[in-house]
Amino acid sequence: MDTSSKENIQLFCKTSVQPVGRPSFKTEYPSSEEKQPCCGELKVFLGALSFVYFAKALAEGYLKSTITQIERRFDIPSSLVGVIDGSFEIGNLLVITFVSYFGAKLHRPKIIGAGCLIMGVGTLLIAMPQFFMEQYKYEIYSPSSNSTLSISPCLLESSSQLPVSVMEKSKSKIRIISLLAAVPFWYLPKSLPRSQSREDSNSSSEKSKFIRDDHTDYQTPQGENVKIMEMARDFLPSLKNLFGNPVYFLYLCTSTVQFNSLFGMVTYKPKYIEQQYGQSSSRANFVIGLINIPAVALGIFSGGIAMKKFRISVCGAAKLYLGSSVFGYLLFLSLFALGCENSDVAGLTVSYQGTKPVSYHERALFSDCNSRCKCSETKWEPMCGENGITYVSACLAGCQTSNRSGKNIIFYNCTCVGIAASKSGNSSGIVGRCQKDNGCPQMFLYFLVISVITSYTLSLGGIPGYILLLRCIKPQLKSFALGIYTLSIRVLAGIPAPVYFGVLIDTSCLKWGFKRCGSRGSCRLYDSNVFRHIYLGLTVILGTVSIFLSIAVLFILKKNYVSKHRNFITKRERTMVSTRFQKENCTTSDHLLQPKYWPGKETQL
């Protein structure tokens, strides 16, 4: 038998076991000469997509940083601020599910580009009220530019409080750049060709362990028009198939609970720093942007590097995701001990005599030392006395005169300050709240260190969790699964978390402000201890629930798919034995057929 005959028989044996309808590698994958344009288009796509995420993060970060300013500017409680913050996610609910499902079958780059245009227009709408609202006006003590002129704060209600118009200087610097990011997507092809090297045997075998494949090719043949109605009919079956995956469903629940804690924590973190450690709003946002955000970025990057370098499997990704959550929330528990005590505020946290603590029923802003002054208990114009006690207003401190010294306004002959100082005569004070004790700045430094380590540890499991999400579902359902995942996070975490965090935080308020119409405004002073336990307690409770759900995910992976992996190995061994048997049969039949059917036998004989 010559060589060509043996090759024909072997080719017949190989093609007889090949699945029907599967395209060959020559038609599915490009040659090495076609890799250069693919890499160029891929780099353009990744660059544009990174720019989109940068613009989106910049807009969301800016909104988060203005939460406390919005609360003070419009004099609203934290619960309403939470509604405003959660409404940022409502727009996603209308389109995210359908875009994720139909977008996988249509021109993805153009859909992303259209989304960028819509996002750019939306951010412009957010900035529009800045240009139409009137100037922000508030009332401050302003006796006169002449420092020798003095007034009586006790008569503040009638003549000494002068309105001063102050124009808001903080205008949105974001013109939020998503419009520019949309341009490259309109020039990208519908899909990028895959290189043959991407089909790794290890990844293919791992997918077979965790995905129940029905051996159906869902790729749309070239030249076939996509029919919207046919895709719509497959919507509900695809959704049922997705939620029928126990790993995906449990991971979806885990992420929803975890993002509840993260969204609530991030939204009110500037307020927590302000109220707990006595820091200014600008300093709180500056510290978060300078320290915490780089720590989160570094943690996400480190998680991706670890997954790639050590070739971590799906079970390993689940373990890394669980470990980062456990250690992150254990570190978060230490923040309970890094709090500061309440500021000494006369009539709220301490008595006018300086004794503390003061119970809820004993809180009274009026005392004998300010009884002759016609003061309002609804105004919040804090004054710091020489005794280290903050008074709600100079009038309630019993101050008789005041004058300006540079940028500061100093009050003199304050009867309430003199009583609390336990000395004869009157004392003075200055506009503004008193700083907290000397131990509070040190506690703030410890808080920053623990916060950075915690942020890095929690974000370390971001990429492993994302890989776990992608590898536990079928390839044709990836886009749809990510859409459902994002929708669940937005609906069940992004919207409600800021609201119920804000409602519970409002319960720790000690002094409410009031609007000019008489309705209740924003909170002026919080109980630091109650605020700390509510803010940290909610975060830890939700994080603990997510840890137990993560354990369930790992348990399901080991229980349901390890046995399937063994069955897969057994089946593969049987296939290898069967293939070897077929080869031997082909060789034997070739040997048996050789005396009679060998072409050219007579000629060579």
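Keep in mind that glycine also has a Cβ here, set from the backbone N, Cα and C atoms.
Feature annotations, courtesy of TrEMBL:
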- 196-217: compositional bias 'Basic and acidic residues' (COMPBIAS)
- 363-418: domain 'Kazal-like' (DOMAIN)
- 193-223: region 'Disordered' (REGION)
- 111-132: transmembrane segment (TRANSMEM)
- 248-266: transmembrane segment (TRANSMEM)
- 286-306: transmembrane segment (TRANSMEM)
- 318-338: transmembrane segment (TRANSMEM)
- 443-470: transmembrane segment (TRANSMEM)
- 482-505: transmembrane segment (TRANSMEM)
- 534-557: transmembrane segment (TRANSMEM)
Do at least three C-beta pairs under 8 angstroms join the transmembrane segment (286-306) to the transmembrane segment (534-557), pairs 6 or more apart in sequence?
no
Quick one: find which recorded stretch in 248-266, 318-338, 443-470 has the most Cβ pairs under 8 Å with the transmembrane segment (534-557).
248-266
Summarise the domain 'Kazal-like' (363-418) by DSSP state, stating how many residues are helix, strand and coil.
7 helix, 17 strand, 32 coil
Local confidence of the domain 'Kazal-like' (363-418) - pLDDT mean:
86
Counting only residues 6 or more past its boundaries, what in the same chain has a CB within less than 8 Å of a CB in the transmembrane segment (482-505)?
77-83, 85-90, 92-93, 96-97, 99-101, 239, 242, 252, 255-257, 259-264, 267-268, 271, 469, 526, 531, 534-535, 538
Short question: which residues 6 or more past the ends of the transmembrane segment (443-470) have a Cβ under 8 Å from it?
247-248, 251, 255, 262, 273, 277, 279, 287, 291-292, 295-300, 302-304, 306-307, 312, 314, 316-318, 320-325, 327-329, 331-332, 334-335, 338-340, 478, 481-482, 485, 553
